[in-house]
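Annotated in TrEMBL:
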TRANSMEM  16-35  transmembrane segment
TRANSMEM  47-65  transmembrane segment
TRANSMEM  77-98  transmembrane segment
TRANSMEM  104-124  transmembrane segment
TRANSMEM  136-154  transmembrane segment
TRANSMEM  160-177  transmembrane segment
TRANSMEM  184-202  transmembrane segment
TRANSMEM  272-292  transmembrane segment
TRANSMEM  304-326  transmembrane segment
TRANSMEM  338-358  transmembrane segment
Amino acid sequence: MVRRGVYSNFLDHIDWILFFSVLPLICAGLVTMKSFVGESIYFDRQLVWILLSIIIFFVLSLFDYRFLRKSKIVSGLFIGAIALLSALFLLGAVFQGAKSWFDFGFFAFQPADPVKLILIIVLAKYFSRRHEEIAYYKHIVLSGFYTLILFTLVFLQPDFGSAIIIFLLWFGMILVSGIPKKHLAIVFILGVAAFAVLWTFAFEDYQKNRISTFLNPLTDISGTGYNAYQSTIAVGSGGLLGKGVGYGTQSRLEFLPEYQTDFIFAAFTEEWGFIGALILFSLFGVVIWRIIKIASRGDTNFETLFGFGVAILFINHFLVHVGMNIGLMPITGLTIPFMSYGGSHLLTEFIALGMLMGMNRYGRDNRFV
């Protein structure tokens with residue numbers, strides 16, 4: 001709900017350092033999309049999503065999100081997430097072999113993105129209620145069970161990249177929840193066992209090939225290793241200062257696939273070089289710093305854990321995306337926050353930031369410094 005009197009001090013409760021660190025990341029993505037002849041459609045559509053996302057960010061910053069602490073609300077969100085992912089198997093559109101999208105004709109929507117945010121809320125609620133009991137093994141198992149439901153529904157689409165992020169979200173939030181270090185061995189064993197089961201019974205051949213290619217990417221550069229090989233060429237050929245805007249040959253000559261989404265970091269680095277990549281890392285570091293700063297001032301454990309969850313989500317997306325672009329991670333098709341083309345992930349990212357602003361607005365210590 002929105003309280004009276006919040007409009008008079010509206011601007012005081014926006015973290016402008018965070019906001020103006022996000023804007024250059026958005027612009028970097030737009031410039032990369034615009035720099036290639038004949039692909040202005042990506043630029044035009046993304047501009048619409050950006051404007052809509054920013055409006056939603058400011059609107060959501062006005063709301064008091066303490067109602068999310070209620071168990072009924074959290075349970076409803078979790079059930080809604082399950083229903084949304086389940087509906088994909090009946091109504092989802094097939095794109096590149098996966099039923100990960102709802103296609104409405106004039107736009108497509110990927111439920112896995114908002115589901116990640118819902119998982120953060122669910123885990124923040126779970127661990128905040130049990131922060132004094134977190135030493136018990138059962139809380140690892142129960143929180144893992146909730147996560148496993150969403151993980152399985154996403155994995156069966158199959159969307160390997162988003163499934164990885166869901167697992168990493170759970171693992172990251174376990175770490176920040178104050179779990180005893182000795183319990184991490186259980187998490188590691190469960191992770192190894194789960195991977196072994198998935199490899200034997202669930203992984204498709206193309207997913208096994210991607211992992212095998214990751215371990216030895218040069219074995220088949222014209223087949224399964226093509227994307228990874230071309231991406232590393234693009235990054236390496238950028239050198240220190242890059243080739244210049246519009247002169248990225250790997251992207252312009254279409255050697256680099258999906259430059260506007262999965263490989264936008266490689267496309268950007270080819271044109272802007274190591275210095276450009278360093279600026280991206282610096283800006284993203286500021287974004288994470290501000291999110292953690294907001295989280296550390298949370299009114300309750302719920303707000304704090306939610307903020308850390310958002311930071312974990314962004315960090316994992318950023319590192320996995322960059323990692324697969326430079327050959328350190330398997331190709332998973334993950335976007336990079338704020339830069340990659342697409343409305344689903346961008347809206348989710350700004351919704352998360354808007355909620356953080358709202359939580360800070362109604363907190364005890366709501367001054368930004």
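Glycine is no exception: its Cβ is also placed from the backbone N, Cα and C atoms.
Annotations in TrEMBL come from automatic prediction, not curation.
Among residues of the same chain six or more beyond the transmembrane segment (160-177), those with a C-beta under 8 A of the stretch's C-beta atoms are 100, 112-113, 115-116, 119-120, 123-124, 127, 131, 134, 140, 143-144, 147, 150-151, 154, 184, 187, 191, 207, 210, 305, 308-309, 312-313, 315-317, 320, 332-334. In this chain, the transmembrane segment (184-202) lies out of contact with the transmembrane segment (304-326); the count of Cβ pairs under 8 Å, excluding pairs fewer than 6 apart in sequence, is fewer than 3.
Remark: the transmembrane segment (77-98) makes no contact with the transmembrane segment (16-35), by the rule of 3 or more CB pairs under 8 A.
A Cβ distance under 8 Å defines the sequence-distant neighbours of the transmembrane segment (136-154), meaning residues of its chain 6+ beyond its ends; these are 78, 81-82, 85-86, 88, 112, 115, 119, 122-123, 126-127, 130, 162-163, 166-167, 169-170, 173-174, 179, 183, 186-187, 190. Only residues 6 or more beyond the boundaries of the transmembrane segment (16-35), in the same chain, are considered here, and those with a CB under 8 A from a CB of the stretch are 42-43, 46-47, 50, 245-246, 248, 259-260, 264, 267-268, 271-272, 276, 279-280, 283-284, 286-287, 290-291, 294, 337-341, 353, 368.
Contact between the transmembrane segment (47-65) and the transmembrane segment (338-358) is supported: at least 3 Cβ pairs lie under 8 Å, counting only residues 6 or more apart in sequence. Within the chain, the transmembrane segment (104-124) has long-range Cβ neighbours (under 8 A, six or more residues past its boundaries) at 68, 74, 77-78, 80-81, 84-85, 87-88, 93, 95, 143, 146-147, 150, 154, 157, 159, 162, 165-166, 169-170, 173, 301-303, 305-306, 309-310, 312-313, 342-345, 347-348, 351-352.
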